[in-house]
Each structure stands twice: as structure tokens, then as C-alpha cells.
Amino acid sequence: MSKHHDAGTAFIQTQQLHAAMADTFLEHMCRLDIDSEPTIARNTGIICTIGPASRSVDKLKEMIKSGMNVARLNFSHGTHEYHEGTIKNVREATESFASDPITYRPVAIALDTKGPEIRTGLIKGSGTAEVELKKGAALKVTLDNAFMENCDENVLWVDYKNLIKVIDVGSKIYVDDGLISLLVKEKGKDFVMTEVENGGMLGSKKGVNLPGAAVDLPAVSEKDIQDLKFGVEQNVDMVFASFIRKAADVHAVRKVLGEKGKHIKIISKIENHEGVRRFDEIMEASDGIMVARGDLGIEIPAEKVFLAQKMMIGRCNRAGKPIICATQMLESMIKKPRPTRAEGSDVANAVLDGADCIMLSGETAKGDYPLEAVRMQHAIAREAEAAMFHRQQFEEILRHSVHHREPADAMAAGAVEASFKCLAAALIVMTESGRSAHLVSRYRPRAPIIAVTRNDQTARQAHLYRGVFPVLCKQPAHDAWAEDVDLRVNLGMNVGKARGFFKTGDLVIVLTGWRPGSGYTNTMRVVPVP
């Protein structure tokens, strides 16, 4: 323990410190210790999909307390009225904590577009009816609208009019996240005959994948345009754009959002082979990336998904863009109160790979244990963050960052380096547009980044970046700039103390600007907590 005593009583975060100081990655792994406590703060954002299991105001309040940072609305399902109700509930739940600036947690709202996806029709009977497709059986896949609402085990309608043109005999059609696979035997004018390779129970309106086929659907469908406009009206904070295949698709989404929606962050979901191949141009055009492993695992072989995940996380970390890891992270918790060991490892490894956010889909939307799932992700993420080999990561990101004459970037790198040197308990950053906080986040400090801002949207969007803990300052700006800086720094200090990030006597690093306005962060101080 002597190592910690050298640091004085100031250092409260043991969080695998012994391992963090190792010289090599191997030595770092050897020193990891299951008895070392992680920090109070969690650096990774948690995104929860809101659905029937979680949309009541009371449930949402509990989700926020358990650690939800971003509420995701999936526009593949539900009407605008339904989503409007959910947005209202999320805001009401968030505002219920607003009376006290210390405990207030901004929660962002994300609109996930349906995108250019292909879906099956309705099974005849009710909306919840299912039919069994048996292995080896013949199934006719048709475009004939007469079957749109009465599919059964013999005929399946799909909504993609060019189906016949893009698939050949011998191709495969996957339905419902790849659970059901069909082999194309012959082609007709408006149908294909298939043989069921992998059967199962089939419900209504399930997703269809055609791996390898050159699907020519527009990047932004008519429904997407209506949904995005609705999102702008509702003032959502970010859009998760589905099935992005090239940079032009991102520009198309941006165009629909228009002038009024120019502050909305666009996160591109990479879900097929083309998206992976053209990753660099997509990343360049987007505000961030989501590794959508569900569809990706059907479009490319399942055993290659981890390669795509690591490549995308690596490139986003190098470029300083946020990246979200999604799909099946704690899938078994839809029905069980505890995750499988594999899922626990998966969440931890996404964090170790360098993901900024981790996401829950069915676990919180329709599962039996939505709160437990959020708490589980929170607990695993904290442990994994403590086990990061920060030193190597910082040096490598520094080596790869382009040398440009931007003072804020130099400040950020210097502040993070100083935070390692003095074992700072936190970095407090004043930020209007959020840029200063994002730059610091890029260098991945061990300590949380308390970002104090007066802009409520900046506060909500800050959750996309690893380590940024937004604090919304509601006090009116002070006439004297220096006084105003002190006022905000003190708010950051009070929040950090109240949340147990640090205590009196600990060192924190404070980043401020010496004149008002956005883009002038140029002063760094190392300050003991009063």
C-alpha cells in the first residue's frame, strides 16, 4: 500500500493504481487486483432504449437514478404520438431532479431512425400471432400486396420492391436478426421460392437481411424524413442514423435536419459490409459512430464482428470521435435478473476497447429487469475503466494526434498529462459549446471530467464523450468575468464533493478561459479542493 501513501491522503482512488503504473501491458495485466475498488464516477455513458417496460415517469426516474444518461427512442416501432408521450415523460422525470443543481442529471434524447430496412408483413390473425417455419419446408416470399397483412407458414410478404432484381438462386434471405434463414431455390416475376434452412417461430414485421446483395434503398426513406422533422420539432439531442453505407447518406440526414436541427448530433450506425469498408468517409462526415452489432453480425460473418468493433473503436479514438457499442450486451437480462458471464465480459471489453458509450436495447425497452440491467452495466463499466492501461493509451493518442496550432488542444493534452502526474481526482472544465470538454475526453484521463456549462443542450450531448460528467449552471452570469469563472468552478467543486468524486485537500485540475465566449480555453490551474 506504500504506493498510495506517497500520494498523501489526497488520493482516494485506489482504482487499480498499482496496475496503472506498470511499464508494459503484460505487467499491467499481471497487477490487476479484484480487491481494488473502482472510483465512484463512471466514465462511460449508458444509453437505454425506452419501451413499454420503461416509459412511465416513475420507472424513468429510477432509470436515471440507476445511471441512464441517454434515452433512445426506436422509430422502427410506434407512432409519433407514442414517441411524443415518451419524450414528455423523459423530460418530466429529468426535471424532477432539477430543483437542486448538485443532484441534477441532464438526460439526452436520441432518435433512432428506421432507415432503409426491409421488413416482413403481418402474420394473419392478430399483431402478436406467430407461425412456425419448419426446417426443409418450402416458403414463397412474395411482393404481392394481397399478402401484406396475411402471411402464414406458406407465404411471406416483404416490403422491398426490388427483391427479385438483387437476389439470385442460391442466395440467402435472413429474417428476424438472422434467426431464420431461407435459401432461394427459384425466381418468379414477383416472388421467389425458398427452402427454410433454419426454422423457428416467426412474428409480424420482422427485419430482413440480404447479405451480399446490392440493396438500392434510399439512405433516407419517406418515413425517415417525417421522423427526423418530428425530431427537430421535439428538440431531440441526437440522431442514430440506421444503415449508413457512405458519407453521402450522412449528408442526406443532415440536409433533412436543416438549419433548425443543425445542433443535433448525427451518430451513424454501421450495420453492413459496405459501411465497414467505407468507414473512414462515414466517420469524417458524422459526429460519432455506433457499432450496431445485431445487423452487422448477419451482414458479415459473426466471427468477424469483433474485428469490426475493435477497428471502429480504434479509429474513432484516434480521431477523437465518440463511439457507441450496441446490441445484445446484456441480452439474457431481458428474462433473467443476472447476465451470463459472456455478457459481463462483453460489456467490460467494449469499455476496455475504448467505447465512449454502451447501449441497452430490449433489456430496458421490453425486458423484465430494466433497472437491474442499467445497474449491471454501471457496475461493470466502473470496474473496466479502472483496469484501463491509461498510460499507454495517453501516449499513443498523443503520438497520433496531429500537431496543429489550436491552443485548446494543447491545453487538453497538457491538462491530462498533469492529471496523471499529480494524481488529480478530477478535471473541472468550463465549456460553452462542449468543445473544451470533448478535447480533454479524447486524451482519456483516469479522473472524471466535470464539465460546467450554461447551455442545457451542451450538457445533455456531453454524455456521448467518455469521462465527461456534465454540470448545468443555472445561475445568471456575473458581470465580472473572473467572478463568473469562480462561481462556475465552485459549482463544479460542490458537485464533485457531493458525489464523492473528491474531498477537501484533493487536487483537481481547472481549465478556464481568460475572456468570455466560446473557444478561448487557455488557462490551466492545479487547485486543492477547498
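Counting begins at 1 with the first residue displayed.
The backbone N, Cα and C atoms fix where each Cβ goes, and this holds for glycine too.
Worth saying up front: this structure is predicted, and the values here are computed from it rather than measured.
Feature annotations, courtesy of Swiss-Prot:
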type: BINDING; residues: ARG72, LYS269, GLY294, ASP295, THR327; note: substrate binding site
type: BINDING; residues: ASN74, PHE75, SER76, HIS77, ARG119, LYS206; note: ATP binding site
type: BINDING; residues: ASN74, SER76, ASP112, THR113; note: K(+) binding site
type: SITE; residues: LYS269; note: site 'Transition state stabilizer'
type: BINDING; residues: GLU271, ASP295; note: Mg(2+) binding site
type: BINDING; residues: THR431, GLU432, SER433, GLY434, ARG435, SER436, TRP481, ARG488, ARG515, PRO516, GLY517, SER518, GLY519, TYR520; note: beta-D-fructose 1,6-bisphosphate binding site
Residues flanking the substrate site, with Cβ no more than 8 Å from the Cβ centroid of ARG72, LYS269, GLY294, ASP295, THR327 and excluding those residues themselves: SER242, GLU271, MET290, ALA292, ARG293, LEU296, ALA326, MET359, SER361
For ARG435 (beta-D-fructose 1,6-bisphosphate binding site), the three-state class that DSSP assigns: helix
Length of the line joining the Cα atoms of THR327 (substrate binding site) and GLU271 (Mg(2+) binding site), in Å: 11
Nonlocal neighbours by CB distance (under 8 Å) for ARG515 (beta-D-fructose 1,6-bisphosphate binding site), same chain, sequence gap 6 or more: TRP481
Binding-site residues (GLU271, ASP295), the one with most neighbouring Cβ atoms at 10 Å: GLU271
Candidates ARG72, ASN74, SER76, HIS77, THR113, LYS206, namely the binding-site residues, that fall within 10 Å of GLU271 (Mg(2+) binding site) by Cα distance: none
ASP295 (substrate binding site) versus ASP112 (K(+) binding site) - Cα distance in angstrom: 14
Sparsest Cβ surroundings (other CB atoms within 10 Å) among the binding-site residues ASN74, THR113, THR327, THR431, SER433: SER433
Where ASP295 (substrate binding site) falls in three-state DSSP terms: helix
Number of other Cβ atoms within 10 Å of the Cβ of PHE75 (ATP binding site) across all protein chains: 23
Spatial neighbours of ARG119 (ATP binding site) that are distant in sequence (at least 6 apart) but have CB under 8 A: VAL158, ASP159, LYS205, LYS206, GLY207, VAL208
Minimum Cα separation from THR431 (beta-D-fructose 1,6-bisphosphate binding site), reported as the residue among binding-site residues ASN74, SER76, HIS77, GLY294 that achieves it: ASN74
Cβ contacts of HIS77 (ATP binding site) (under 8 Å, same chain, 6 or more positions away): GLY51
For the binding-site residues SER76, LYS269, GLY294, the one whose C-beta sees the most other C-beta atoms within 10 angstroms: LYS269
